[in-house]
Amino acid sequence: MARDVVRSTLARWDTVLLVVLAAVVVVAGVLVEGFASGRNFQFLLLDVVAIALIALPLTLIVITGEIDLSVASTLGLCSAVMGQLWVAGLSLELVVVLVVGLGAVLGAVNAVFVTRFALPSLAVTIGTLAAYRGLAFVVLGDQAVADFPFSWTTAASSTVGGGSVPWAAVVTLVLAVVFGVVLHATPFGRSLYAMGNNAEAATFSGIRVARAKFWLFVVSGAVSGLAGVYWTLRFASARADNAAGLELAVVAAVLLGGVSIFGGRGTLLGVLAGVLLLGAVRNALQLADVAADTLNVVTGGLLIASVVVPNVVGMARTRWRRRQRTA
Amino acid sequence: MSQHQRTVRVGLIAVLALLVTACGGTTRGSDDSPTANQATGQANPDAALVEGLDVAFLPKQVNNPYFTVADGGGKTATEEFKGKYKEVGPSEASASSQVSYINTLSQQQTDVIVTSANDPNAICGALNSARQAGAKVVTFDSDTKPECRDVFVNQVTAEGIAENQVKLISEQIGGEGKIAVLSATPNATNQNAWIELMRGELKKPEYAKIELVTVAYGNDEDQKSFQETQGLLRSYPDLKGIVSPTTVGVAAAARYLSGSEYKGKVALTGLGTPNQMREFVKDGTVKSFALWSPADLGYLAAYAGAALASGQITGASGEKFKAGKLGEYTIGADGIVVLGPPTVFDQGNIDKFDF
């Protein structure tokens, strides 16, 4: 019964978000000059790709009740290493594979602390947030590596058939489908919700909690590494400070997408809607010449609303049900 | 291998596979090839400045005092040639944060984009897209790669700084004695170039009696610069003067000197802003120091943008344009315009500046 309530609320949050997203797009398209154009959608999608990518594994992690705050630092370190490896003369194909592998290793470090030493992931990944960013500066200092081949840097922002859909967005969408299937259509995915709701019960029912979490952190690291490759090529600049602070945008998108910060609830569709909603709002406000600081306030406000609104709605419904039952 | 383990591994492999195919697929498009900086059209030096130009200033960071003043100069100029001025930009100065703002300006059909680049490469693609959409791009303060903008307005040349700093310290110590440099970080490109040129300048006969004994590094931190100044005076008791070509360093050094027995005895000059140095000039710690005027820098950049958008210039070397009260400027090699020698501030003029 309780679970049904949770499920229906969730389904609603997805729908609510998609409706809000559609409304924002329509309103901005009418009111904001320059919003409703192919080029602008291309810019918008290019801007949200990195956030969307990292949000995919993070969604799964948050559903198990854990968190990974080291994602943007992993991206930065991978970007810095990518620059150094390229300077060292390795082929770019090999560099990309190594960098994604490095991301996986960095994720594994988080995983070891969280699963083997049973430390809270919040503390562990705040630690590696600082440590990986520090390492990035050790690797590349305040220099930038920029002489990547032109064909690769343009590839990062090239579009399908020269239209307005970037290839990067297509790749992200395909990955989203993969993650969506894993989360919503496999026993593994369902076990993640069980872990988030009650890790102890999940353990007793035979789910290997530690092992599942271990691999989730590894995948999170690898995808952050992949996002690092994208970021580096898109901005044609490998830098230690790349994507600094992006972890907040990703967490905001995941929470706005309806994933409970306490674990056990959330859908990937909701998260994608959350990513796009945040991106569209920022894009529209920017086109309307709203100042950067105001923009940050709006984003923060949306985040708070995303945490408060479902809770208030949930409480109201429970109360209403109880009253009906007693009546 | 358990069920979920397999699923995760399959997922991992899928990620890698996709990555490889993505790279294979994406090399096809090449939509924004770099536009050459060379003149594409004919410049008409006699063309009138177009009225009603949309001029957007995109600083490294909004709410940064330096850029607030520089952009203010741009606003003054834009009002003079009857354009529409606005300032937009990110709240943090990271490498890629300016890109979405450039895209937005391009989307808004802005005529002139004046920007100071956080990273010489990260905004290149976006600037070239904007130029293809019709915008003229002027960089000021910090340049991008030359092929990504039409004109770069440089505050001052490195030679100009070296010449100016050596001249100021020489005047203050009477052309004779030991001097030291208090720099920012050991790997600061600008600083190192200036210090190298200063060494060359000191080889001139008129500076033969001046000896540069050491270079100290304050890392552009107030505390560290303060301590390094103290250290310099302890290590070289007969030191005559300090040159600190960094705004943080020169202010910290002035604060140390003003509270010590060396006040008025050890000369100090460098690059600083009038507001941070005013009290030290007034209390006699510092006779004179220099900096370019950020307001003039923004003013000149706005005029360069208007001249580009009006067809007076195309960005080619040798072209000339008029920049209001600053007079006529000539574009140098690589599309660079130099604002001029740094402004020297002393007791006589410091109260005329507020930045």
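Just so you know, glycine gets a Cβ as well, placed from its N, Cα and C.
Since we're looking at a predicted model, the values are computed, not measured.
Straight from TrEMBL, the features:
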type: TRANSMEM; residues: A:16-36; note: transmembrane segment
type: TRANSMEM; residues: A:43-65; note: transmembrane segment
type: TRANSMEM; residues: A:85-109; note: transmembrane segment
type: TRANSMEM; residues: A:121-145; note: transmembrane segment
type: TRANSMEM; residues: A:165-185; note: transmembrane segment
type: TRANSMEM; residues: A:214-231; note: transmembrane segment
type: TRANSMEM; residues: A:243-261; note: transmembrane segment
type: TRANSMEM; residues: A:268-285; note: transmembrane segment
type: TRANSMEM; residues: A:297-316; note: transmembrane segment
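Sequence-distant contacts of the transmembrane segment (A:297-316) (same chain, at least 6 residues past either end, Cβ-Cβ under 8 Å): 5, 9, 13, 249, 252, 255-258, 261, 274, 277-278, 281-282, 285, 290.
Counted over residue pairs separated by six or more positions, the transmembrane segment (A:268-285) shares fewer than 3 Cβ pairs under 8 angstroms with the transmembrane segment (A:121-145), which leaves the two as not touching. Just going by CB pairs under 8 A, the stretch in A:16-36, A:43-65, A:85-109, A:121-145, A:165-185 that sits most against the transmembrane segment (A:214-231) is A:85-109. Under the criterion of 3 or more C-beta pairs below 8 Å, with sequence separation of 6 or more, the transmembrane segment (A:165-185) and the transmembrane segment (A:43-65) qualify as touching.
When Cβ-Cβ distances below 8 Å are used as the criterion, the transmembrane segment (A:16-36) is approached by residues 256-258, 269-270, 273-274, 276-277, 280-281, 283-284, 287-288 of the same chain, each at least six residues removed from its ends.
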